[in-house]
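Here the structure is laid out as structure tokens; the discussion comes afterwards.
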Amino acid sequence: MKVLLLVLGAALCQNADANPTWANEAKLGSYQDAWKSLQQDQNKRYYLAQATQTTDGVWGEEFTCVSVTAEKIGKKKLNATILYKNKHLTDLKESHETITVWKAYDYTTENGIKYETQGTRTQTFEDVFVFSDYKNCDVIFVPKERGSDEGDYELWVSEDKIDKIPDCCKFTMAYFAQQQEKTVRNVYTDSSCKPAPAQN
């Protein structure tokens, strides 16, 4: 309850800068530590449960079944394997990306994630944490450009909660999506999004 009241309080405050209303380190920074959250990816698979966008530069058009696992390869640096489908791909496809953290909206603690695709044609993307409970879910902001208060939202959920997403996670996603009049869609559709168990 305390988390939800803080979120609502921050959303109602007007910021003189172009920062999103939730970009308030003093009040909400303890729920937006990027590296603290990313360390959870080393222990379990996370699924993109919901999103407000339909197209991604890597996952393609009408992407679905997006999930990620990661392993640490350096100080605050991860090697991530992302699985996804889209309207042209009915089988899961892999994308390998290097993930680091950065400071967005003048924060003193890293609250953003930078993804760099691996391979001959690299692409770089930057997202920002809106909320993390550091065990079940993350709400991520995908800005139109660095420093913008306009963009899309994503809800990532751990593998052990994807079939029963905690209400606080769904509420936070829905609340900020409607602030920008965005429509939330389900990216995780059903159990067919889960990769087949590894064969021994």
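The count begins at 1 with the first shown residue.
Cβ coordinates are placed from backbone N, Cα and C, and glycine is handled just like the others.
Candidates considered were C65, C137; Swiss-Prot assigns the disulfide partner of C169 as C137. Among C65, C168, the one Swiss-Prot lists as the disulfide partner of C193 is C65. Candidates N79, C137, W156 (recorded positions) were compared with S37 (histamine 1 binding site); those inside 10 Å Cα-Cα are C137. Around W59 (histamine 1 binding site), the same-chain residues six or more apart in sequence whose CB sits under 8 Å from its CB are V66, I82, Y84, N86, S95, listed in sequence order. In terms of C-alpha distance, the listed recorded positions D41, D56, C137, C169 place D41 closest to N79 (N-linked glycosylation site).
The secondary structure of C65 (disulfide bond), as reduced to three states from DSSP, is extended strand.
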